[in-house]
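Heads up: the structure comes next, in structure tokens.
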Ligand SMILES: CC(=O)SCCNC(=O)CCNC(=O)[C@H](O)C(C)(C)COP(=O)(O)OP(=O)(O)OC[C@H]1O[C@@H](n2cnc3c(N)ncnc32)[C@H](O)[C@@H]1OP(=O)(O)O
Ligand SMILES: O=CC(=O)O
Ligand SMILES: [Mg+2]
């Protein structure tokens, strides 16, 4: 893409990773100069905001509880709405999500969903090849040339009326060590956003669609303001109209739920909605309260969206969004279709249906599905209960959520089966991730970075905030964890799984993380050190 010379920052980002054929068309000198510009202008601020996360967590560790801000009351109480939502995003009843693999992108675009969220984040293991191949695939999807032939000879191409593309870059915390500026690794977020915007934003803007993004794992309005400034700078650099880049923000950290008005306000020229990222939200609840024994969570299978703290979160999100003219998107049920067992499949679909029914009846404007076969399931429910394109008119004046409801302890039990399942899922997911696969089915559930984080964080919590015991009074202790981990490691090695060779490596990493005195910030940060 031609960019006026005076806009190009003198430094180029350096590529340290091995590149493959086709990568040079993404990692062009102009694109690398654009990345360097983003890095120079915004990385120091990003690092400051990450330091604020650490300070915030230290306050929670000292016993403070998250709460609404006192310095932003005027924003919460003021009368303002977000900018008008573009036509392409006014009906988002079903959104399919998935990694940026070539075949899956085509399948997702053809799935019948209104939106496809192309994911560089929770469902991606960010090897350099995955991330840059993903950029090639998205560029080809945007320019209409994407096609794929499977090893069996099946041909894939995009059909008419594909889903609207929305891209999710990595969160602010993850580095991209294969691209550096002045010797410093770039932020994965700036690399994913920057390369996608550089190669596709103008082309998208020239059509009836635009450059649209999902923004993950924010904790505070200042982090949203940083994204706003990054996008504004990119628009200026790429000669695009101000605020044409649109953002839907995942509310998937506990601190962020207390700043939803503020986050929308920081992005008000470009915010189109918030989304209930339930899995990371549960993980964030665990992490925020890692030192609070009175807020331990039971088995993850019991932490459903109907438990009080999650119900309060989703209802407050709907009320907040609709007050501001923004969409309130629902989230992901973990069930996926089960092949070869009709009864089990029907039971899984019934769970998805019930989840979508809860969402649409609560006032959500749309929802997420993990698999193409779930598009009609979710759509049927939303079509029935949401005949208009959205339900921005549902103001939920009945909702009156206070701080204590958002952080309410969750009742339930810790079972042996739940403990063992956490060990198995954390191990098998980590092995897959280390092998370059960021989303996998385990026991017929979708497991990705967020769900795996819950599994491993719970293990840490149960071992470190104890002494705890199961319902049969057997102690929950490190010896039990070591035993279960050894058992599942052995099983994975013997399983013939394509990731069996990663079993020992994943096991060692999990052991370190679970035995550590402090709950590590992100599994994916620790594992990134070892990612090929
Ligand atoms: C917490 C969060 O962040 S949620 C968001 C992140 N998570 C996701 O996006 C989940 C994405 N989903 C997936 O990756 C997959 O559905 C999995 C891993 C859960 C299951 O994958 P598989 O076991 O391969 O599913 P399955 O074999 O049933 O797939 C059947 C077909 O559907 C396709 N498919 C499955 N999921 C998707 C998807 N999300 N998008 C597009 N195509 C898909 C497969 O590619 C396959 O295509 P083919 O018949 O042309 O070969
Ligand atoms: O990103 C979504 C989530 O649930 O986490
Ligand atoms: Mg998430």
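Heads up, the Cβ atoms here are built off N, Cα and C, so glycines get one too.
Annotated domain 'Malate synthase N-terminal' per TrEMBL: 14-72, in sequence order. If you average pLDDT over the domain 'Malate synthase N-terminal' (14-72) in this model, you get 96.
What TrEMBL records for 164-408 is domain 'Malate synthase TIM barrel'.
Among the features that TrEMBL reports, active site, proton acceptor is placed at 168. Its Cβ taken as reference, residue 168 (active site, proton acceptor) is surrounded by 24 other Cβ atoms within 10 Å in the chains shown.
When the domain 'Malate synthase C-terminal' (414-531) is classified with DSSP, helix, strand and coil residues number 74 helix, 10 strand, 34 coil. Summarising the annotation, TrEMBL assigns domain 'Malate synthase C-terminal' to 414-531.
Close to residue 448 (active site, proton donor) in the fold, though at least 6 residues off in sequence, lie 122, 123, 279, 429, 438, 439, 440, each with a CB less than 8 Å from its CB. TrEMBL lists 448 with the feature active site, proton donor.
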**Request:** Name the secondary structure element type, per DSSP in three states, that contains residue 168 (active site, proton acceptor).
**Result:** strand
